[in-house]
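Undergrad: Below are the features listed in TrEMBL for this protein:
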- 32-53: transmembrane segment (TRANSMEM)
- 65-94: transmembrane segment (TRANSMEM)
- 114-134: transmembrane segment (TRANSMEM)
- 155-174: transmembrane segment (TRANSMEM)
- 211-233: transmembrane segment (TRANSMEM)
- 265-285: transmembrane segment (TRANSMEM)
- 291-313: transmembrane segment (TRANSMEM)
Amino acid sequence: HSGMEAATLNPYSIISNFTVEISPFAESFHTWLLWVCGLISIALSSFMILLIVYRTPRSSKRYRLGLIALQVCFIVFDFHVCCLFSPIIPLPFFAGYCTGFLCEIAGLNFHGQFILMFVVALETFACFFICMLQRHQKLLPPSSTMKLSRTGFRVAINMAVICSAAGPISFSVAKLSDEDTAKRIEANPDMAWLAEKPGYTVYSINLRPQILYIIGFIALDTVVLSIFCFILMAHTSSVVHSTTSNSTLSKSRAAKAMNNLFSQFLAYMVVIFIPVFILLSRAFITINSQLLFLLALTIFCIHGIVCSSVALLMNNTFRMLLMTPFQRQKRHSLTLVGIPP
């Protein structure tokens, strides 16, 4: 109650506790861990691109481009966030800083890099949706009522891309002025340590109430894309099993291919949503654990390595591909990238 009164009297104060200060050792360990995981993830994503380019049929050109775009999103995220950014968010929506090259050496602020991080993360959601929509439309019979026209298909793709970027970009209005930031830290002595961190940025829902609408839009966009992905997966599986024109082997490969792509999507959702839930919980309950916060941030930042690992582990011919050199004359269909023969 006293905290609510203080927040009413002084708009620069905060309601939630702000007591999680990350030690220098924990910061350094977090940075190096992100570096290692990021480089491994980039290597796996690059290998996946090679498999898509050299080991999948040329007839699925548009779908192959979607899969390559998905891996490029992973690579961009890993290089930016894991290798250059290394973000630390002690409290969600209130503050953040980074220990990577962009803040410590280049002198950039946390806010711009934070927006770019979420743009790439949500565009990855859009890429999953686009890949599933392409696969779904490819397998539909021409007479199906769910078959989209070229214009409708392009509109769906453009809407997914634009809406996924609109939320994070609109978050740019959440940045406080230097004067408001100084007053906010002055009103909350427990936050004084943050002013010494590279690229630090402080947010405030009291001073920028539009943050709630932006967060709501981002949440709505991710939920809608997730629902559509589930619907596409379910309907595609139904179409594959009800089609009589294809052989049993072709049906099996098509089903495994879509299941593999959907498994990557599920892994992506888990890796993204669990850390976000942990960070959001800090706004409502007191959690003063450095390890828990750094673990949540690390999990969030390594979704690329998780998705690539899921794709490779589900592929039965992965070991054979490691032993067989790439040959342009022999282009095999791989279930790991979701393309049936």
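Every residue gets a Cβ built from N, Cα and C, even glycine.
Automatic, uncurated: that is what TrEMBL annotation is.
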Undergrad: Residue list, the transmembrane segment (114-134) vs rest of chain: Cβ under 8 Å, 6 or more residues beyond ends.
TA: 62-63, 66-67, 69-70, 73-74, 76-77, 80-81, 85, 87, 96, 153, 156-157, 160-161, 163-165, 167-169, 171-172, 201, 218, 221-222, 225-226, 228-229, 232-233, 236, 258, 261-262, 264-265, 268, 272, 303, 338
Undergrad: In the same chain, who gets a Cβ under 8 Å from the transmembrane segment (291-313) while lying at least 6 residues past its ends?
TA: 20, 22, 26, 29-30, 33-34, 37-38, 40-42, 44-45, 47-48, 71, 74-75, 77-78, 81-82, 87-90, 121, 124, 260, 263-264, 267-268, 271-272, 274-276, 278-279, 282, 336-337
Undergrad: Are there residues at least 6 beyond the ends of the transmembrane segment (265-285) whose Cβ is under 8 Å from a Cβ of it, and what are they?
TA: 16, 20, 89-94, 121, 124-125, 128, 132, 226, 229, 233, 292-293, 296-297, 299-300, 302-303, 306-307, 310
Undergrad: Quickly jot the same-chain residues contacting the transmembrane segment (211-233) by Cβ under 8 Å, restricted to those at least six beyond its ends, or write none.
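TA: Beyond its ends, the transmembrane segment (211-233) has Cβ neighbours at 93, 118, 122, 125-126, 128-129, 132-133, 135-136, 160, 163-164, 166-168, 170-171, 173-174, 203, 205, 258, 262, 265, 269.
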